[in-house]
Every structure is written in structure tokens, then in C-alpha cells.
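In Swiss-Prot this protein carries:
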REPEAT    16-116  repeat 'Solcar 1'
TRANSMEM  16-32  transmembrane segment
TRANSMEM  93-110  transmembrane segment
REPEAT    129-215  repeat 'Solcar 2'
TRANSMEM  132-155  transmembrane segment
TRANSMEM  187-204  transmembrane segment
REPEAT    236-333  repeat 'Solcar 3'
TRANSMEM  236-252  transmembrane segment
TRANSMEM  308-327  transmembrane segment
Amino acid sequence: MIPTTATVDDEPGQIKRALIDASAGAISGGVSRSVTSPLDVIKIRFQVQLEPTTSWGLVRGNLSGASKYTGMVQATKDIFREEGFRGFWRGNVPALLMVMPYTSIQFTVLHKLKSFASGSTKTEDHIHLSPYLSFVSGALAGCAATLGSYPFDLLRTILASQGEPKVYPTMRSAFVDIIQSRGIRGLYNGLTPTLVEIVPYAGLQFGTYDMFKRWMMDWNRYKLSSKIPINVDTNLSSFQLFICGLGAGTSAKLVCHPLDVVKKRFQIEGLQRHPRYGARVERRAYRNMLDGLRQIMISEGWHGLYKGIVPSTVKAAPAGAVTFVAYEFTSDWLESISW
């Protein structure tokens, strides 16, 4: 990435850098979200489904009955047959309204935190931060972004989890029903488990991304020193950045998926759900996040915490890669423009 020439105390440079981070973050988030929306819809359908996806997964008798979705391929076919191609982008508008400000805030706050920790606004200096500081910076940036965009995340989950016939035909109808049934606080239903999830997720995602980038840079230097007769540069190529983002997204998702399942259950509890798509999560079904984890373990088994793990991981890997690569390229392009 092309580093900024501003110092920590250079206010005009700080403003320019913040605008670049915010713009590049919003664009990268929007691109990544639009590309991976079908996988996100499939993932959410599994996560909010109380019934077991397999017969051996049945733990408690009162959850018997056929599951709507039993596998990723079957779910893809069902959604396409019943809802058409557009079904894979259900809830994409609130998702974009959530993701774009989320990534905008996240990358802006992340750069400020790393600048403070390293004493420099130069991006090339941030890569040398310790894994601990990279993790903490990512976690705090994720929390700030979550607080700033959460209502749209809630609406995205609600709209993506419903099928046909629709319970909520528009984002406005879902918003009105939440306000009427839960009040303003309802727009932040599930915020606590979301923050609990985002701390390790964002921390791991950014921490491992920086770690993978350092490894790639070391590998490039090694190839240069060994004088291998190929064109080698210590700067990372777009493919190498893609691989780093791929690894970061996959690692974070595999570790934090159970927390995401509980978060989704909190977000839809007490809301209307067509019987065709299985049992609904009753209001106040879980007292807190630990109780949610415990109840899912008791009623659905350990694999209940990993419902939707396949589409979730398949989505997280390219989503992380596309987000980081799009951010790096957009940031470089904006840096090259005369302001």
C-alpha cells in the first residue's frame, strides 16, 4: 500500500487519511457484501432453523419434524425454486446499509488506533505492530463499527431469514413491527451477544491478516535473497493480499461461528415466522448469551452451534479476501489523487 506522508500531528493529513479510510472501507464492504450475499442468505436460514439438519442430530423430542434445509446444495435448490434468483439477495439493501457504514467506521477507527499505537500514520509502520496490538486494535474497531450500524444488521437478519410467503414484504414493514412489538430497544435486540462475538472475530480477522502479510513479506524477502530467477518484490501482489484475506476470514469464522449462531437467535426471537420454515424462536427464549449456548447444546447438540458453518465459512473466506483487497486498492487509488 502507498503510505501517507502525514505525521501523527499533521491535522490536514489526518483528515485526508480519515476520508480515505472511510471511503475505501465503505466501497470494499459494499463490493464484498454484494458478491457474497447468496452465501449469507443460506447461512442465516440454517442458523435460525431450530430443527436438526440430520436425524442423528435430534437431541430433544419436541424439536422433531422435517427440517426445511438439510444441506447447502439442497438449500440452494429450494431457495432458487421457491423464491427465484432474487431470493439470494433477500435483505441485501439493509445489509448494504449496515456493511458500508460498518466497514467505513471499522477501517477509519482501526487506522487511528494503529497510528496511536505505532506513533506514525504511515501504513507501512503499522504492519510491524505486535500481534497483541493488532488484535486489540481490530477488536476495538469492530466494536465501534457494530455500535454505529447495528439496527441495519438486525433488519438484514430478519429479512434474510424469511422465505416465501414473506412475513415482512419491505424493510419498512419489519422496522415498524419491531418498534410496535419491542419498542426502540428492539432495534438493538441481540447487541450484547453481537459485541461479545465481534471482539474475538474482528480481533482475529485483523490480527491474522497482519500476521499473514508479515509472513508473505518475509517469504518475498527470502526469495530475493536466494536469488531465484523470477520476478520477486517485497511488496505484496494482489494475489498475495487475496490469500492473506482468505486465511484471515476463514480463521476468524471457524473460531467464532457458535457466537454468531446465538446472536442470530437473539435477533429474531419473538418475531413472526411462517410455519413452513420451522419453529420460531419465542420471545425471551434465552436469558443471556451463556444461557443461549447452553440451551442450544441441550436441545440441538454441539452441532447446533455450528449450523450453517459450511456456507458461513465458504462465504467468510472470499468475503474477507475481497474486503481487504478492495480496501487496499481503493485506498491506494485515493492516495494517488491530488487533493
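Yeah, the Cβs are placed from backbone N, Cα and C, and that goes for glycine too.
Secondary structure by DSSP for the repeat 'Solcar 3' (236-333): 76 helix, 0 strand, 22 coil. Residues 18, 21-26, 28-30, 32-34, 37, 40, 137-138, 140-142, 144-146, 148-150, 152-153, 155-156, 159-160, 171, 202, 206, 323, 327 of the same chain, all 6+ positions outside the transmembrane segment (93-110), place their C-beta atoms under 8 angstroms from a C-beta of that stretch. Remote same-chain partners of the transmembrane segment (132-155), defined as residues 6 or more beyond its termini with a Cβ less than 8 Å from a stretch Cβ, comprise 91, 94-95, 97-99, 101-107, 109-110, 113-114, 117, 171, 174-175, 178, 187-191, 194-195, 198-207, 210-211, 267. Using a Cβ-Cβ cut-off under 8 Å and counting only residues 6 or more beyond its ends in the same chain, the transmembrane segment (16-32) has close neighbours at 4, 6, 96, 99-108, 110-112, 121, 318-320, 322-327, 330-331, 334-335, 339. Below 8 angstroms of C-beta separation, residues 106, 135-136, 138-139, 141-143, 145-147, 150-151, 153-154, 175, 178-179, 248, 251-253, 255-256, 259-260, 262-267, 269, 288-289, 292 of the same chain, each at least six residues beyond the ends of the transmembrane segment (187-204), sit close to that stretch. Predicted-model confidence for the repeat 'Solcar 1' (16-116) is 84, expressed as mean pLDDT.
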